[in-house]
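> Annotations for this protein, taken from TrEMBL, read as follows:
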{"type": "TRANSMEM", "residues": "12-30", "note": "transmembrane segment"}
{"type": "TRANSMEM", "residues": "42-66", "note": "transmembrane segment"}
{"type": "TRANSMEM", "residues": "87-110", "note": "transmembrane segment"}
{"type": "TRANSMEM", "residues": "159-180", "note": "transmembrane segment"}
{"type": "TRANSMEM", "residues": "192-212", "note": "transmembrane segment"}
{"type": "TRANSMEM", "residues": "314-336", "note": "transmembrane segment"}
{"type": "TRANSMEM", "residues": "396-428", "note": "transmembrane segment"}
Amino acid sequence: FKVLMQISNPVVMTYMLQYSIQTGSVLVVGRLGPEELAASVFAFMFATITGWLLGLGGSTALDTLGSQLWGASSSKPYIEKRREMNILLQRTCIVLTLCFVPVAILWYFVNPLLLLLGQDALLCQMVQTFLRYSIPGTPAYIAFEALKKYLQAQDILPHASTVTLMVCSPLNVFITYLFVYTLDLGFVGAPIAASFTHWTMLFILLGIMYMVGDNHHKKAKWDLLPIHREAFEELTPFLAMAIPGIFSLGSEYAAFEVVTVLVGLLDSSTTMAAQSIIVIADDILCTIPLGVSVATTTRVGYWLGRGLPGHAKMASIVSIILATLIGIIGVIILLATKDNFGYLFSENNEVVDLVGKVLPYLALFQLVDGVAGASGGALRGSGCQHWSATVNLIGYYIFALPLGAFLSFSSAHLGLIGLWAALCAGLLSI
């Protein structure tokens, strides 16, 4: 329990600060108007499930392979182990960046696709503009995610990512405000600022790695370069871990995007604004179970690499207990603040009232999501990402989303509440 807390605390803080970059951008640009608020949230969600998820989900292969490699190589010289980890890091960055190329093309020409999905024409144009300016920063985002997993797998510099984001999160708010209002760039200032922030995150983390080193070799030279020939080898085992990892995390993110599309079909700016606020709240809250999940993957992979499955099983059980306790605390906080939470993002009373009605379902969702995340982390640590991906796909797309569409558009007319009730039911089935 203590070890999991030690690992998960900096990871949770890192993800929370990382998501605060998105939240800060939305808070700044959302003051321009409801259209800008809805478009920025929609664009951030679309960017996450189609592009940034390559870093979030694809790098879970580095979680699994890296932690198992580090645990299994305990008898090897440190320099040899480090070289193998560097090759794995390079392979991760190269493969995932190449995968982003077709995604970048999609982002650049996404307007017709969104129109085909029945979204408002102005919203579609604004989202396309946002995504176009987000393209330059995404390779840096992918590399930053890979570097985080690289450090976590070796249990070195645990606070490096946190320190980086403690600098970049407030910096992003300042830069976004500067671009949007001071330089009068308006809506496009937000994605430009986000791209700038992603590159700043990467360079600061690299700088910390270079200057501080790690506990084993404080004076060692930074040895991530040159690119090794082996980084282009053994791609099949890597993709066998990366692709299910993308689908495992992506199925949930994409489900939220589908819900947002369905909300757009309800043809209500109040409902869309409320959904935008709920999504932001979920993005912030999900960082806690996500951090526990990553810590679980690291510990399970490490013990399996050492050939100690009993220790791996115990780590899995403890992580589920920890996730449950954290989820209960989250439920209490959300229920206590549900009537006023919406005022953080909007001054519209109708929007705030609708947010208050949906927050109890979000509270239940977070509780169950914590347990599911810890279980998924154990599966990733054991190299079984495909099981997590399969269960998520069934729970969300065969059960939750059809149920949500029925509750929202049938004679029940439950709207946004019906969609979130269905998401809770789907996650419970998982």
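Cβ coordinates are placed from backbone N, Cα and C, and glycine is handled just like the others.
Locate each feature and note its surroundings.
Here the transmembrane segment (12-30) has Cβ contacts under 8 Å with residues 36-37, 40-41, 44, 148, 161-162, 165-166, 168-170, 172-173, 176-177, 180, 187, 189-190, 193-194, 197, 276, 280, 283-284, 286-288, 290-292, 345-346 of the same chain, all six or more residues outside its ends.
When Cβ-Cβ distances below 8 Å are used as the criterion, the transmembrane segment (42-66) is approached by residues 22, 25-26, 85, 88-89, 92, 95-96, 99-100, 103-104, 106-107, 110, 123, 126-127, 130-131, 134, 138, 141-146, 148-150, 152-154, 191, 237-239, 241-243, 245-250, 253-254, 256-257, 260, 276, 279, 294, 297-298, 301, 380-381, 383, 385 of the same chain, each at least six residues removed from its ends.
Among residues of the same chain six or more beyond the transmembrane segment (159-180), those with a C-beta under 8 A of the stretch's C-beta atoms are 10, 13-14, 17-18, 20-21, 24-25, 27-29, 32, 147-148, 151, 186-187, 189-190, 192-194, 196-197, 200-201, 204-205, 208-209, 212.
Below 8 angstroms of C-beta separation, residues 1, 4-5, 8, 281, 285, 288-289, 292-293, 295-296, 299-300, 303, 359-360, 362-364, 366-371, 373-375, 377-378, 381 of the same chain, each at least six residues beyond the ends of the transmembrane segment (314-336), sit close to that stretch.
Within its own chain, the transmembrane segment (396-428) has Cβ neighbours under 8 Å at 251-252, 254-255, 258-259, 262-263, 265-266, 268, 271, 274-275, 278, 354, 357-358, 361-362, 364-365, 368-369, 372, counting only residues six or more beyond its boundaries.
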